[in-house]
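These notes concern the structure reproduced below.
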Amino acid sequence: MASDPVPQGCKTALSVNLNKVALVRNTRHLGIPSVTKAATLCLQAGARGITIHPRPDERHIRRHDVFDLAELMRDWPDREFNIEGNPFHNLMDIARDVRARGLPLHQLTFVPDSEGQFTSDHGWAFPQDAQRLVPVIAEAKALGARVSLFMDPAPEQMIGAHAVGADRVELYTEPYAAAWVDPASRAEQLERYRRAALAAQAAGLGVNAGHDLNRDNLTEFLRTVPGVDEVSIGHALIADALELGYVDTVSAYNRCIDQAFA
Ligand SMILES: CC(=O)[C@@H](O)[C@H](O)COP(=O)(O)O
Ligand SMILES: NCC(=O)COP(=O)(O)O
């Protein structure tokens with residue numbers, strides 16, 4: 001990686017996931033809403049990066065979106081381009097193609113989804129997944145990308161994630177988001193994530209987080225879980241943008257992050 005737009009150890013960076021913009025766009029053949037325009041507005045509003053998850057069924061992000069966005073990211077050298085997906089399905093082929101075109105690719109987030117999965121709902125497991133992950137992680141790093149592994153908040157798994165060569169883990173936050181409405185469950189979940197983040201950092205990994213984070217649950221998560229390098233947020237953020245617009249929405253999420261560090 002030539003330069004790292006989201007270095008470890010700084011205030012949490014907001015990466016906007018644009019899957020849901022593409023989902024709406026794909027219901028007609030008109031090209032609206034535009035994924036690249038959404039990316040531009042979010043970056044102008046202060047998003048530190050763009051995330052996409054090109055699923056094999058192309059229900060939202062399509063192959064051309066990856067290249068269109070990578071071209072756009074060339075004009076934003078201090079922002080991060082993060083592509084999520086399963087390295088045993090379509091992800092590595094896309095990553096090779098991005099780099100063959102000389103386009104930026106800062107982070108690959110490996111997610112163990114099945115083809116056609118409704119949405120991501122679990123992380124990698126060690127030692128079961130170790131052997132097959134080693135070569136694809138090595139290849140991703142040779143392509144110049146940081147590698148993050150989507151993981152459940154299980155402290156005992158973090159040494160395994162580091163041993164296979166990952167740079168970071170992305171903690172799967174849906175269980176926290178689902179527990180948020182109930183104060184006792186929320187506290188219990190927060191403690192799980194806090195311990196998982198500390199274990200990851202002790203193993204030498206950076207920590208990202210994502211899935212169902214929103215304006216209500218984000219600040220408390222970042223106040224409690226130490227040293228989160230990046231959050232990727234899509235579903236709730238794009239839903240908010242339908243009401244508030246991209247610019248005000250990105251500002252609102254950045255305020256949630258700022259409040260956690262105040
Ligand atoms: C890994 C992760 O949590 C996100 O990529 C999430 O899966 C979003 O994907 P969808 O937008 O397809 O639900
Ligand atoms: N990695 C998580 C992500 O990119 C967005 O998840 P969500 O906010 O759409 O649930």
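Here the Cβ of each residue, glycine as well, is placed from N, Cα and C on the backbone.
In three-state terms derived from DSSP, Arg28 (3-amino-2-oxopropyl phosphate binding site) belongs to neither a helical nor a strand segment and is classed as coil. The 3-amino-2-oxopropyl phosphate binding site annotation in TrEMBL covers Asn17, Arg28, Asp212, Gly234, His235.
Under the heading active site, proton acceptor, TrEMBL lists His53 (among others). Around His53 (active site, proton acceptor), the same-chain residues at least 6 positions away in sequence with a Cβ under 8 Å from its Cβ are Asn17, Asn19, His60, Ile61, Ile83, Glu84, Gly85, Val111, Ser120.
What TrEMBL lists as 1-deoxy-D-xylulose 5-phosphate binding site is Arg55, His60, Thr119. Following the DSSP three-state reduction, the secondary structure of His60 (1-deoxy-D-xylulose 5-phosphate binding site) is coil.
Annotation comment: TrEMBL describes Glu84 (among others) as active site, proton acceptor. The DSSP secondary structure for Glu84 (active site, proton acceptor) is strand. Cβ neighbours within 10 Å of Glu84 (active site, proton acceptor), excluding its own Cβ and spanning all shown chains: 26.
Around Glu170 (site 'Transition state stabilizer'), taking its Cβ as the centre, 30 other Cβ atoms fall within 10 Å, counting all chains. Taken from TrEMBL, the feature site 'Transition state stabilizer' covers Glu170.
His211 (active site, proton donor) falls outside any helix or strand according to DSSP and counts as coil. The active site, proton donor annotation in TrEMBL covers His211.
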Checklist entry - Near ligand 2, which of the binding-site residues Asn17, Arg55, Asp212 have CB less than 6 Å from any of its atoms? => result Asn17, Asp212
Checklist entry - Going through the recorded positions Arg28, His53, Glu84, Thr119, Glu170, His211 in sequence order, which have a CB under 6 Å from an atom of ligand 1? => result His53, Glu84, Thr119, His211
Next on the checklist: I need the nearest neighbour of Asp212 (3-amino-2-oxopropyl phosphate binding site) among the recorded positions Arg55, Thr119, Glu170, using C-alpha distances.
Outcome noted: Thr119
Checklist outcome for this item: recorded positions near Arg55 (1-deoxy-D-xylulose 5-phosphate binding site): from Arg28, Glu170, His211, Gly234, His235, Cα within 10 Å gives none
Checklist entry - So what sits near Arg28 (3-amino-2-oxopropyl phosphate binding site) in its own chain, CB-to-CB under 8 Å and at least six residues off in sequence? => result none
Checklist entry - Measuring Cα to Cα, how many angstrom lie between Thr119 (1-deoxy-D-xylulose 5-phosphate binding site) and His211 (active site, proton donor)? => result 9
